[in-house]
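Below is one structure, written out as structure tokens; comments come after it.
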Amino acid sequence: MMKQVVIATKNRGKAKDFEAIFKPLHYEVVTMLDIASDMEIEETGTTFEENAILKAEALSQALGKLVIADDSGLAIDALGGEPGVFSARYAGDHDDEANIQKVLEKMQGIPDEERTARFVCAIAISGPNIETRTFLGACEGRILHKKRGTNGFGYDPIFYVPELGRTMAELTPEEKGAISHRGNAIRKLTEELPNVLK
């Protein structure tokens with residue numbers, strides 16, 4: 001029987017990011033939709049890393065399985081790190097458009113050189129007989145004055161990546177994966193995975 005790894009998400013798209021890593025190691029990737037759809041995990045941490053650990057450990061203890069959880073978001077220097085752990089619900093409900101508008105309003109009058117920001121992703125892995133480990137990734141950029149591009153989701157249309165001269169929403173999924181915060185954290189996890197699963 002194939003071993004399972006549970007991705008602590010109800011988003012199948014996010015699970016796809018992890019399938020490429022675990023398939024060669026003979027793990028079946030499942031999500032909370034498959035085995036714990038009614039479980040809700042409170043994200044009470046004050047950092048992305050704390051929230052990822054909370055989700056991974058809670059689900060691992062409940063299911064007795066290997067679990068991977070991530071928490072990610074946007075940190076804007078001129079706003080003291082906001083929206084931070086509140087990125088998904090910055091404007092109240094989980095609404096990408098409202099979140100973008102709130103950022104643009106708060107950033108009015110801030111010059112380009114002070115609009116620096118980064119996307120941050122923390123991935124935690126936890127399981128029976130495995131010490132919880134975390135892997136952090138980041139992607140540096142700056143916040144534009146208005147939206148550009150139609151790909152991606154969340155804050156992608158206002159997050160400009162200087163070395164590519166485009167916003168995250170103007171990149172192909174492959175281009176985004178090569179430089180994104182989640183891509184960077186996943187690459188670190190991939191490198192360490194054989195040691196973690198010993």
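Here the Cβ of each residue, glycine as well, is placed from N, Cα and C on the backbone.
As given in TrEMBL:
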type     : residues                                                                                               : note
BINDING  : THR9, LYS10, ASN11, ARG12, GLY13, LYS14, SER72, PHE153, GLY154, TYR155, ASP156, LYS176, HIS181, ARG182 : substrate binding site
BINDING  : GLU42, ASP71                                                                                           : Mg(2+) binding site
ACT_SITE : ASP71                                                                                                  : active site, proton acceptor
Across THR9, ASN11, SER72, listed as binding-site residues, the smallest other-CB tally within 10 A is for ASN11
Expressed in Å to no decimal places, the gap between the Cα atoms of GLU42 (Mg(2+) binding site) and HIS181 (substrate binding site) is 23
The most crowded of the binding-site residues GLU42, ASP71, ASP156, judged by neighbouring Cβ atoms within 10 Å of its own Cβ, is ASP71
Looking only at the binding-site residues GLY154, ASP156, HIS181, ASP71 (Mg(2+) binding site) has its closest CA neighbour at HIS181
For HIS181 (substrate binding site), the same-chain residues 6+ apart in sequence with C-beta under 8 angstroms from its C-beta are SER72, ARG118, PHE119, VAL120, CYS121, GLY137, ALA138, CYS139
Cβ density check for GLY154 (substrate binding site), other Cβ within 10 Å (all protein chains) comes to 19
